Amino acid sequence: MATHLSHPQRRPPLLRQAVKIRRRRVRDLQDPPPQATPEVQVQSHHFSPEERDLLYEEALYTVLHRLGQPEPNHVKEASELLCYLQEAFQVQPEEHQQMLQRVRELEKPIFCLKATVKQAKGILGKDVSGFSDPYCLLGIEQKVGVPEGSPVSRRRQKAVVRHTIPEEETHRTQVKTQTLNPVWDETFILEFEDITNASFHLDMWDLDTVESVRHKLGELTDLHGLRRIFKEARKDKGQDDFLGNVMLRLQDLRCREDQWFPLEPCTETYPDRGQCHLQFQFIHKRRATVASRSQPSYTVHFHLLQQLVSHEVTQHQAGGTSWGRIAESQAVTILFLHATQKDLSDFHQSMAQWLAYSRLYQSLEFPSSCLLHPITSIEYQWIQGRLKAEQREELATSFTSLLAYGLSLIRKFRSVFPLSVSDSPSRLQSLLRVLVQMCKMKAFGELCPDSAPLPQLVSEALRMGTVEWFHLMQQHHQPMVQGILEAGKALLSLVQDVMGDLYQCRRTWNKIFHNVLKIDLFTMAFLELQWLVAKRVQDHTAAVGDLVSPDVGESLFQLYVSLREFCQLGPSDSHEVLALDGFHRWFQSAIPSWLQRTYSVALERVQRAVQMDSLVPLGELTKHSTSAVDLSTCFAQISHTARQLDWPDPEEAFMITVKFVEDTCRLALVYCSLIKARARELSAVQKDQSQAADMLCVVVNNVERLRLIIDKLPTQLAWEALEQRVGAVLEQGQLQNTLHTQLQGALAGLGHEIRTGVRTLAEQLEVGIATHIQKLIDAKGSILPEDAILPLMKFLEVKLCYMNTNLVQENFSSLLTLLWTHTLTVLVEAAASHRNSSLASSRLKVALQNLEICFHAEGCGLPPEALHTDTFLALQSDLELQAASSRELIQKYFRSRIQQQAETTSERLGAVTVKASYRASEQKLHVELLSASSLLPLDSNGSSDPFVQLTLEPRHEFPELAPRETQKHKKELHPLFDETFEFLVPAEPCQKDGACLLLTVLDHDRLGADDLEGEAFLPLCRVPGLTGCVEPGEAPQMRLPLTYPAPNGDPILRLLESRKGDREAQAFVKLRRQRAKQASQHAPATEP
């Protein structure tokens, strides 16, 4: 079995075409440009004076001897037709009168009526069978001297043909047997002299043959047939039956008539006798004109048609309009009369029309679609045998002539059908369709058997035309001054024109040729042109050599870019090696010049942009200056140049990209130095420090915009695609180490410049913030904190609004971050130095709250996660405590102990079990102390003497309620108290934050102070019945683990202890210190 490697596969059509073109181009590249193909000789549509006179005579003769009524849309007046002929033939009035008189003196033609009896329907059935054997008698009666409407005339209208017309002038059709709808389709030529007194007569008869009665009885079908037998028995043997007649005055007929006429009776016996289909045409015999005597009728008609169409086309062109068909009623009338009088068949009329139009199309400008109708007519009626040898030759010549002319137009379609004219595509498409229809005709195939297939002829014409057009363009772009630079510019213009032509071929022309002829014009043109372009580009780059000047380098770069675009235009499905494959190697020596010029041009633009920059924002929404915009454009141009270059060789492409990145980063740092120097230069002449700050803001914004531009280099230079290309030729990570290292170094330098600028702006505000915070603290005590903070907030509002207006969002956010960090530092220092002043702490607390709102700015400033730093949270907590009163601090202390109680699960110190409920009706807090368990042995005997002290805390909320105690249990670590206590207390203080029942378990000591077993805190807000109006039921038991105070002290206690002048605070701290001391003496070994 043969495999796909056994034999080479057949090449696709596109590949075969490319191979053929390449072979031809090898010869073409070595030979001089081919000579232009000789132009097709077009026959003139003008007649000689003698031919024109004969044709004019023929036209006048046709009008003067017109017969019949005019057609509905035809011209009635002969004078109007004569005037039109005089204009169409451009005959002077005197000459016209002379020729008209001469034509009138010519012998009249023999007038004839061409009558065709087509068929009849619904005639009477005269035979016994119910049918008839009809035939017709017809002729023309000349009425001489009989006035219209006289009795004789009326009688003659009732007369039959055999009684009124001589037998030699009578014509008879064939007999159609046994039918009521006979079909004859027979034509007769009937001559007459005077149309005004002539009438056409047609009688229809039923042929009667002698038959026996027995035979007729055999055909009998009904009573009507029986009556027919009796009637025939009375008449003469062999007498025919009259079926009806048609009588028409010739002067009432049109030049051509085709209709159904009713059969009239001689008597009123049977008024409805059916209809007869007749066709009439008035024709001439023996016309006296020279043209009619010497030339075939269709030739004369063809020449007349050519003359009239030529006149109409010329008239339309003079009026600036396009001719589409014969629209003048005079021309239509004359041509109709001539074809009718000459008795031209439809086929010969179509042939004459084709000969005239195909010849005129080659010399006059009118739509080729006019040729489709005669082509269709000839194809529909084509029968080769009907044409004589000279007619076949004439038709074949017209085919070959139009084909040659059409191919010459197709070869030059770029100039003949320019796209600057809107209807050019439709005109070309119409021409192609005409050629296709013509070559598909049976007549063309029989008369032009040796003609090559039309697609082959058109393809060759397009190929030759493409080559001719290229050489024409090359001559057009030939420089006046010879030199390398001028030659490069000329070659660049040539390549751009070639690409423009290919774009037009692909966008417009290719669809037309492909739809009509299945020809891929674009591919053929591309394959032809790329060989021609490649030769000239290779010769030019060889002439340039290795020493490339800047101007020549720029010209070569533009040529390189154009060639890249040219190659991208090529068909994507072509696998053929093209002449332009690897063309980049021809430009390899120009790469250093291109890179150096790119950097030099960019550096000049950067320097010029900075020098022209006044460091003023471009607008309210645009906060950078002109140099930033110019720099962005400059870097975009560098990226565009890199994309245009797109060097195919991977390793060289990597080195080129490294150079582009290096130059871009260098330009960025150069810009930073230049823009800072420009700011110092402008600030030196400014006396207002605010203007210097404005310039600094603009500089920072410009550098930030530059940083964003540099950050997009990987995308703009397509690093990912480059990394895929160079993966096979570079070491792993080499691209990352080289390009990304360059980029990160540049970004780091720009980031440092931005931070330096923002830090400078922040330093100008930090002094003001510290000053206003100090004034806030030093304000009089009578000033509320909300009022004391106003100067600071107004200062920040003004300054931050200014910075927000002049800085881009990224830099403004950086500034806010620096200011927020500095502000927190100032507040922490102030809070630490005024720790003992609740007033100062209150003001600092209000300041922190307002500053948080200010720096957040409803989402337009710093986000919450940036504001709520560890320093902020610690400061917020400290100020919350420092600003609180002593009683508020005591409440916070008990709230923290309640929280500690809720989080404690270990019972290392023991636990107490209680029940608590509140009776709102009695305003009593009912407490049942049930038991304690697992107490620590604090006595030397290994046991304890426990009792529990019950107090409602904080004391300032329950000043009238004295502490309660349980009984003391001797030597018991698990005492059962089972004691009940009631506290008369309103519900309101019990519901406050920090309100609790403090259960202090003590070990009774007879000799000294009681020892602390532990504390338990029952929050009153959890007591059943306190929040509802319904009396509580059975209160649930609550088991509370015992806890110790914090061994390292409590910040709240330390804060209270610092308030020396507050006796309540000092008493509370003293008690809590005592409890902490007791706890430290008996803490378990595992307690930290």
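Including glycine, each Cβ sits where the backbone N, Cα and C put it.
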Can you tell me which of these residues Swiss-Prot lists as phosphoserine: SER150, SER424? SER150
Which of ASP993, ASP1011 shares the Ca(2+) 3 site with LEU938, ASP939, ASP1003, ASP1005 per Swiss-Prot? ASP1011
Check each of the ranges 26-46, 89-109, 887-907 against Swiss-Prot and return the one annotated as region 'Disordered'. 26-46
How many other Cβ atoms sit within 10 Å of the Cβ of ASP945 (Ca(2+) 2 binding site)? 20
How big is the Cα-to-Cα gap, in Å, between ASP945 (Ca(2+) 2 binding site) and ASP133 (Ca(2+) 1 binding site)? 156
Measure from the Cα of ASP939 (Ca(2+) 2 binding site) to the Cα of every one of the binding-site residues ASP133, ASP206, ASP208, then give the nearest. ASP133
Chain-mates of ASP127, ASP133, ASP206, ASP208 with C-beta within 8 Å of site centroid, Ca(2+) 1: LYS126, PHE131, SER132, PRO134, LEU207, THR209, ASP240, ASP241
In the domain 'C2 2' (908-1033), how many residues does DSSP call helix, how many strand, and how many coil? 7 helix, 55 strand, 64 coil
Rounded inter-Cα distance in Å - ASP208 (Ca(2+) 1 binding site), ASP1005 (Ca(2+) 2 binding site): 168
Determine how many residues of the domain 'MHD2' (786-893) DSSP places in helix, in strand and in coil. 92 helix, 0 strand, 16 coil
Per 10 Å Cβ neighbour count, which of the binding-site residues ASP133, ASP1005 ranks highest? ASP133
If you run through the domain 'MHD1' (557-675) with DSSP, how many residues end up as helix, strand and coil? 88 helix, 0 strand, 31 coil
On the 0 to 100 pLDDT scale, where does the domain 'C2 2' (908-1033) sit on average? 87
